[in-house]
Amino acid sequence: MEYIDNMPLMDLMRSEKMTFVQLIIPAESAHRAITYLGQLGLLQFRDLNAEKSPFQRTFVNQVKRCVEMARKLRYFKDQIHKAGLLLPPLPASQPDTELEEIEIQLAEHEHELIEMNANSEKLRQSYNELLEFKMVLQKASGFLVSSSSHTTDREIELDENVYSNDNHGDTASLLEQEMHSELSNQSGVRFISGIICKSKVLQFERMLFRATRGNMLFNQAVADDEILDPSSNEMVEKIVFVVFFSGEQARTKILKICEAFSANCYPVPEDTTKRRQITQEVLSRLSELETTLDAGLRHRDKALTSIGYHLTKWINMVKTQKAVYDTLNMLNFDVTKKCLVGEGWCPIFAKTKIQEALQRATFDSSSQVGIIFHVMDAVESPPTYFRTNRFTNAFQEIVDAYGVAKYQEANPAVYTIVTFPFLFAVMFGDWGHGICLLLGALVLIARESKLCSQKLGSFMEMLFGGRYVLLLMSIFSIYCGLIYNEFFSVPFHIFGDSAYKCRDATCSDAQTVGLIKYKDPYPFGVDPSWRGSRSELPFLNSLKMKMSILLGVAQMNLGIILSYFNARFFSSSLDIKYQFIPQIIFLNSLFGYLSLLVVVKWCTGSQADLYHVMIYMFLSPFEALGENRLFWGQSVLQVILLLLALIAVPWMLFPKPFILKRLHMERFQGRTYGILGTSEMGSDDQPDSARERAEEFNFSEVFVHQMIHSIEFVLGAVSNTASYLRLWALSLAHSELSTVFYEKVLLLAWGYENIIIRLVGLAVFAFATACILLMMETLSAFLHALRLHWVEFQNKFYHGDGYKFMPFSFALLADDED
């Protein structure tokens, strides 16, 4: 025991020792002190104003200012992004700027940008209108000229029809009215010209036809240029239209429909000279507006570039200042309103660093009063803090996803670093597939510095975060693949020749029949001659199934042993005597004995039926084993182990609740007479001793909890051992899938002489290997290994009901995208 107590402490085995501290900070040095603590990042503040709303806190105005500045900075960032400019890298050194100066500069820049954008939007709107007017003039001129030529050709026919028929106004077609409008104004044919988005033109024409009951002529032409939409900042294709109609009522309807479909109407004179004159004026104004717009864009880009040079620094400064004021809002003023009082948790090793930072803050703020830093006692449990690096962080996150360790509780991540990738490899064992995973992991690790600074997608970010987990999983997969002797399901004679050879010269198929063992076993892993033989599946099933049981029992024993170290660390002798000892006895009396039988059978080459041995150990414990006996004294040992397993169940169930009740009664012995309270005395006014006595020991609740825990362990010992058979099942599934793809796809395609069939077969094999075996099977094995650690391993000792140490640190500030 002394050797165990003197073992060196591990950084990951137990969380860092924490201490509860109180800070009394003069008001003049509070801001600088909190800033220095944020740069240090080793102190977690406790909110002393939790009952107050955010608007009732002391520094709410400063927080509002920071929020407003953050909004302006996001506006600048969006404007830079829309302009297509790149943010310049942060200069190595920039002069420090006060927050008030930044606030003034941001207000000036925002006002300038808003004014420039408003002017640019007006100019862009005028430019778009003139551009549309130009295209309408060009296209509508073609329609009007075409109408004039048709009028000349049919002038005589129209004259005869008009003057010979008195009811011409009722029977003439709209086309005839349009063509005669050049000769006479009596018909009243008019037109409306404009421009509309191409996506709306079909519905627009249909609506015009229905509104005018077909008494209109709709001409359209595609606009020569696309027009920039200011709202979406995208180029939009438009259609120029000219609608010929008759009557004031039809004109009103058409204009309303144009307004409903956001079609812009422009007046086009019928006179060719006027159209030409207006076109020249429009072109002249367009040229002027283009020059003005270009000058405005250059001026705005110059202003945005100037802002972008300081933007990153401003964002970081505003973010840190907001965090400082949010932290200051967690502190309380003392009675004199001259000092701020704060409380929090920090690791013991960080006390010296925190004190140095506070002394530096006092000196830099020229305060006459120093900051008081002293340790206090705390009622609540401290937070959990593990110091991790790039390699161990991913494994710690796997454990924390189940639950954060209780303070100073044994950390499963220490063992997960080895056991997790190993159990994954047992299910995924193929050294060809392992090499593929290894190459992917090495690529991620080689580009680590580059990928750290990039914003990755959710899947890629998860994959990059687990790059070292992937590295170990691939290495262990190569190791297990060498044991299984599988390279994309193909066996290789890597470690020498097979231990089997053909029985005689007439042996025609050495892969399936007539093999005999002629020398020592294959030196490492499975003999390649098993592949393709009739005994391959029974042999590998037996091997992997028994190996799964051995690995499962070993890991569950490790979990129970860790519960002993937890109980010893927390000085809980009850848990050692009435939890650890009966649990280790029960598990090993049954499944430890099964593991022993598996090892003995492998070593002796016995043909005993282990199913029969384990079943009749319960049904007929005194019956002779006969041919199933593996060693001398096995029958007596089975009876002893069965009795120990039966004794272990009440050992776990009954003593602990009764001992806890006795300890509770001894603790309150002599305190049974409390202060006699009056009827006006409430529960809050009672002294502590009276309140403690009021909290009676609930024996039934403790007993039920212990009974549930005992039943859960007894049943879990069976179900958890069976759960480890997933190692066998997934390993078999992976091997068989790999064999199917190799034999039924690659070899089948290679049997043809056609090069195209071979290439297609190779492509299908590569796709199936990459998508099914390297992606789906990897994910499946990962999830099953995760379950084995969370449920079968960690439930033996790990409570996971702690909370993580979250220090106030500028380095941990997340990007605020809201």
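A Cβ is built for glycine as well, from the same backbone N, Cα and C atoms used for every other residue.
Sequence annotations record features per position, and here TrEMBL assigns coiled coil to 99-126. Taken from TrEMBL, the feature transmembrane segment applies to 422-445, 466-484, 547-567, 579-600, 631-654, 755-776.
In terms of C-beta pairs under 8 Å, the stretch of 422-445, 466-484, 579-600, 631-654, 755-776 lying closest in packing to the transmembrane segment (547-567) is 579-600.
Long-range contacts of the transmembrane segment (422-445) within its own chain (CB-CB distance under 8 A, at least 6 residues past either end) are made by residues 451, 463-464, 467-468, 470-471, 473-484, 486-490, 547-548, 551, 726-727, 730-731, 734-735, 738, 769, 773-774, 777-778, 780-782, 784-785, 788-789. Long-range contacts of the transmembrane segment (631-654) within its own chain (CB-CB distance under 8 A, at least 6 residues past either end) are made by residues 578-579, 581-583, 585-586, 589-590, 593, 600, 617-618, 621-622, 624-625, 706-707, 709-710, 713-714.
Note on the transmembrane segment (579-600): residues 546, 549-550, 552-554, 556-557, 560-561, 563-564, 567, 606, 608, 610, 613-614, 630-631, 637-638, 641-642, 644-645, 647-649, 651-652, 656, 713-714, 717, 721, 796 of its chain, located 6 or more positions outside it, place their CB under 8 angstroms from a CB of the stretch.
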